[in-house]
Amino acid sequence: MAAEGEQRATSDVTKALARHLNCLNDENKMIRRRALAAIQKEAADEKLASAVLQHVFLELLKPLLRCLSDPMEKCRELSIQIIVYCVSHVPRPEEALPYLMPALTQRLGQQQLVELSEELRLAMVELLTLLVEVCGKKLAPYLDEMIQIFQRTMVDPFPDVKKESCKCASNYATCIPEHFHMQAESLIKPLMQTISHQHSKVRVAVIQTTGTVIQYSSGKSVDDVLSHLAQRLFDDSVQVRQAVTVVVGDWLLKLQDRYSFFHKLIPLLLSSTTDEIPEIRKLALDYWEKIGSQWEKENEEDLKDKLDFSAPCPSYYPAGVQRPGLGCRELIFRNLSKILPAISRDVTNWVAGTRIKSSQLLAVLLLHGEDHITQHMELLLSTLYHSCLDEENQVVINSVKSAELIGTFVNPEVFLKLILSALQKSPLASHLMTLAACIRGCSREMLKTHLTKITSVISQSDVCQGSERVLYQEQLLCCIQSLIDVCQQDCTEVSLQCMNVLITILASPASESLHKKVQDTLLSLSEVQGLNGPHDLYRQHMQQLLDWVSQSHNHWTSYSVEQRQFEVIATESGPVMGETLHLFVPILKMCLQPTREPQMRLKLFTMLSKLLLKASETVNSQGQLHRYSESFINDMIVPNLKWQAGRTAGAIRTVAVSCLWVLLQSETLSQQEILQVEDNLMPRVITTLEEDSKMCRLMSCCIITALLSTCERQLRPDKLNKIYPELLKRLDDASDEVRVAAAKTLYQWFKCITDEYERTTYKGHLEFLYRGLLVHLDDPDASLQLIVLDLLKEGSAVCPSLLVQEIEAVRHKHRSPAYCDQLLHYIQKYTSPTPTECT
């Protein structure tokens, strides 16, 4: 009875639809549209039983499929809607497949776009997704048609069509895995064409579908997609990177032939463990732990010994880092030789992002590889030598981290042999950077037996003087800092070699930016030895340091590193220099001979001048400088006061005069010691009054004043007569400062006149001097006039009558006789005839 009822209902519906079906062939598009709308209304009648709808659908199917090619878009849309409704409501939708699949293939699977409407193409792909859902395995015979459609829709211009196609393909692969693998590779090309689409949601869909397609394929296409997936690890979209992580993680867990792809897939997953997003890092680590555990269980027999006698986590393991499980470590051990060459290439890739990712991955691999990385040391070190100099700071940071891990896991005997050998052959900043990082990663116990070897190499002149670039010097300093930080008081045995390196760094032109760091390192070196500071270090090694730099002092030039090292030792050792003058002075004496290079002498005199300015804190810290005063003056300063042509020679004379002036000012020399050198010194200083340098002339006046003051009443008349003419000339100097200084020196000169200076015999000298001074009593500079007035008052006591005679001779020539009258009044009032009055 039920069957008869269904037949009657089917017959009634068919009769009701007959007229509408006929109208579908009408030329008028509006009639066709109304007919389809009516059919849709009838088909969607909720009173229809599913069995009745099944019969009606099969009756309607062919006319509806013809309508898929209708010129009117609305008609095509209604047709698709009716088919979708029927497919989702009939009990046996698979019966429509023989007609439906060819029609969909014709509309979607052609080389050229047949359906021009994006929305309708999307609707048809959604219909296809529905068919996969309701028909399942019944779609297996239509594998070729489905693949043909996917190949076109995955590269469709409309993003939504791409996404829906990916969804449909994933579902289809899951439904018929036993058949899908035969055609799976056909989808790789369209998927890879779409994987870099501008919409992130499309990229996510493509990646997810690629994962499913490969999962249900023969695995031959893994190599074809790896490079594309690797690129997506650099994607700006978090969702895209997350999708790659999930896909690769699933492959490593579930892919049928996954063992043969471990060395290719593991780097992709481990790259995600260093992602900037915490969620992705956690996701990747969770996958990695599962993969390691699964592999461990699958290979339990091979790992039996390691599982039963597992070694505890090494005590020197990096702080704050959790040790990976045995399975994870073993996976890396066994695949490291295949992974490292590729990583090494990528670390030097021209794309910055690739270099950063690769350097991050290298550190992760080394953490897993532990002592197994020893066999790959040459490749690892050559890679780090390049990456340590990368222009990207993040690459450098990651490379240094990798080098520290090498120091942690590899025996120092191994890495030192390779690094030190490379350093000796070609000293580069990258070699030093790698060495410093390896040292930091190493344990004190392991490293202490190699201290001498390390410091003997880096203190060699070819290495510590290998480059004057800041980066090189900075890494040289890092090596010493690392040794001190790791080995602490063990550094006592190599303290001298460390000092040699640090002094060389300070002697470098690049040292200005590193000076504070070097001083801090010297302080650390002294502290680990229980000393009170850098000065104690210099005190401990001064003999060896000066022997070290002075080996070639006979051949020093201004470009000699040893000369700069000598300067550093002299200026940085502070009071220790005063304790070792017996070593310091002979070197300085040899290097300041007039036959030596002028530029070098200039540098050394400048250094000496600075030391003498703080004599009590440096060269005279022990109060012993006076013992060497004669050598300083006669052997170093005086020979360099001799006139020679050239600007450099002039500069040397100026700085030599400066040293002499500072030495005299320091009050380290007694009167007796000054008298011993005065005979040799005074004539040389007088010649410097003619120097082009105002400063030199000024200091020369000051020096002569000091010498006259010290030797007061002990200078013979003939010496005095050689001094005043040059001073008188300086009263006409271009510099007012020099004129004033010369006048003050003449004031001191008059004080040196004793009864031994016979006025009658030397009357001509006094006349010449008085006349010259009287000229300047009428000087345009009022301040100088006053100074000369005081000077003549002092000098009037020598021969008053002669001075009165000279004043009266020029009084009428002066612009104002006031000063002459004042001077005459002074002479009449305060002076008395001398025992040897001029006649």
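Glycine is no exception: its Cβ is also placed from the backbone N, Cα and C atoms.
Per Swiss-Prot, the features are as follows:
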| type | residues | note |
| --- | --- | --- |
| REPEAT | 10-48 | repeat 'HEAT 2' |
| REPEAT | 54-92 | repeat 'HEAT 3' |
| REPEAT | 94-137 | repeat 'HEAT 4' |
| REPEAT | 140-178 | repeat 'HEAT 5' |
| REPEAT | 181-219 | repeat 'HEAT 6' |
| REPEAT | 221-257 | repeat 'HEAT 7' |
| REPEAT | 259-297 | repeat 'HEAT 8' |
| REPEAT | 578-617 | repeat 'HEAT 9' |
| REPEAT | 675-713 | repeat 'HEAT 10' |
| REPEAT | 717-755 | repeat 'HEAT 11' |
| REPEAT | 723-761 | repeat 'HEAT 1' |
Overall pLDDT of the repeat 'HEAT 8' (259-297), taken as the mean: 94
Same-chain residues near the repeat 'HEAT 8' (259-297), Cβ under 8 Å, at least 6 residues beyond its ends: 219, 222-223, 226, 229-230, 233, 238, 241-242, 244-246, 248-249, 251-253, 303, 307, 324-332, 334-335, 338-339, 342-343, 357, 360-361, 364-365
Spatial neighbours of the repeat 'HEAT 9' (578-617) far in sequence, C-beta under 8 Å, 6+ residues away: 539, 542-543, 546, 550, 553-554, 556-558, 560, 563, 566-567, 570-571, 623-625, 627-628, 631-632, 635-636, 639-640, 642, 644, 646, 648-649, 651-652, 655-656, 658-659, 662-663, 666, 668
Helix-strand-coil residue split for the repeat 'HEAT 11' (717-755), DSSP-based: 30 helix, 0 strand, 9 coil
DSSP helix/strand/coil residue counts for the repeat 'HEAT 6' (181-219): 27 helix, 0 strand, 12 coil
Helix, strand and coil counts within the repeat 'HEAT 8' (259-297) (DSSP): 34 helix, 0 strand, 5 coil
